[in-house]
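**Student:** Okay, so Swiss-Prot annotates it like this:
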- 1-78: region 'Domain I, interacts with DnaA modulators' (REGION)
- 78-123: region 'Domain II' (REGION)
- 103-122: region 'Disordered' (REGION)
- 124-340: region 'Domain III, AAA+ region' (REGION)
- Gly168, Gly170, Lys171, Thr172: ATP binding site (BINDING)
- 341-460: region 'Domain IV, binds dsDNA' (REGION)
Amino acid sequence: MENFWQTCSAQLEQELTPQQYSAWIKPLAPLDYEDGTLRIAAPNRFKLDWVKTQFAGRITSIAAQFWDMPVDVQFVLDPRLASAKKPTTSASVAPIQSDDVPASVLEPIPSNATDHTPRRDQSRINTALTFDSFVTGKANQLARAAAIQVANNPGSSYNPLFLYGGVGLGKTHLIHAIGNQVLADNPDVKIRYIHAEQYVRDVVTAYQRKGFDDFKRYYHSLDLLLIDDIQFFGGKSRTQEEFFYAFEALIAAKKQIIITSDTYPKEITGMDDRLISRFDSGLTVAVEPPELEMRVAILLKKAVQEGVTFSDDVAFFVAKHLRSNVRELEGALRKILAYSRFHGKDITIEVVKDALKDLLSVQNRQISVENIQKTVADFFNIKVADMYSKKRPANIARPRQIAMYLAKELTQKSLPEIGELFGGRDHTTVLHAVRKIAADRGKSPECNHELHVLEQTLKG
């Protein structure tokens, strides 16, 4: 077990950025392996859910290769890990109360002491993520075109560039591609790719060590700043304040800022209006879920990278049944390859059906009101219980109305039946919600995009 985890950790450390590895993989702990089932523990629910959605496929693939057989990887919650991994606080530094992140995850902020290292090493850019390796389709062609324009003219075109969309659609790939091209054109340029969570940690570290002068000196001196998943800034006032200063300094100096988020800027919960207005001052582009032809192209390209041949029929079958995002396609491909190698079979549609039977059964499930409520709640980051509660703040009322609209559009339920499933509400309340969201969809591109993403997710 220990040998496996060392192998798995080493592999992931090579593939991920230092921030990703430190934030998501390092806190995990392998528990046991028995009868083809591997159990891995996470210290809290947030990390557990994130690891399951982002890294489960890769860990499963590494495990299958290590044991030379299909492995069922299960992630479990073990809060004891959080307390076990907290460092002892130095007597000379008092613990700091912060609503940003706990002090136990602090990492050193970058300093000028590392300026002798190569620019690419400091940038945290993944060299594998380039424009050449990015599969383009209707869903992302505008985002790619904007990214290329920015890469060719950093600081003068679309500043800031704000890319938003669901998980696994290629936003991170695009911003790394920009960084790679800018570095290729000018190796001396000062670039930093950073996940929003790591930026939060840098702010806390500066606060703890009274090092905001060094913090500002570093971030304000960049030529290109790439911030991934900025929705993590929501509700963190000191982080937002410092980022606002950095934003203003970089824009004034005609330096380029590129930002990604899982949602449209105005929909980010807990984000300062000043920042939202700054985000809107540049170019905001949606990255949509890939269409069928694009999904096929992605599968065929990934298969070539894995050194296997995928027939068009097999690629179309997989792409037709798995529609949500690129990461899901990559995970499915790994499962197919592991199954094919273990059983010594060529990759046919029948083999794919066997390898992906669990995934396909989930995709083929009927849409229910309960599933709509859960999907919408996850999308807007609220509790499912809020769907049938009496709460009426805007951040709850609107998602509830959207869920009612989707229930009317995607199920056979009557208005009274839908109302009953939303906390016993009257059918006129449901009718009002349906009409309101339908009207908003016709007038607002943002609303139409939200509904499109939700419908694609629900239909699988």
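Placement of Cβ uses the backbone N, Cα and C atoms for every residue, glycine included.
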**Student:** Around the Cβ of Thr172 (ATP binding site), how many other Cβ atoms lie within 10 Å? Please give the count over every shown protein chain.
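**Tutor:** Other Cβ atoms within 10 Å of Thr172 (ATP binding site): 21.
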**Student:** In terms of DSSP three-state secondary structure, what is the assignment for Gly168 (ATP binding site)?
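**Tutor:** Its secondary structure by DSSP: coil.
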**Student:** Over the region 'Domain IV, binds dsDNA' (341-460), what is the model's mean pLDDT?
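**Tutor:** Here the mean pLDDT over the region 'Domain IV, binds dsDNA' (341-460) amounts to 86.
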**Student:** Highest Cβ count within 10 Å among the binding-site residues Gly168, Gly170: which residue is it?
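**Tutor:** By the 10 Å Cβ neighbour count, Gly170 comes out on top.
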**Student:** So how many of the residues in the region 'Domain I, interacts with DnaA modulators' (1-78) end up helix, strand or coil by DSSP?
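**Tutor:** Split into helix, strand and coil, the region 'Domain I, interacts with DnaA modulators' (1-78) gives 44 helix, 18 strand, 16 coil.
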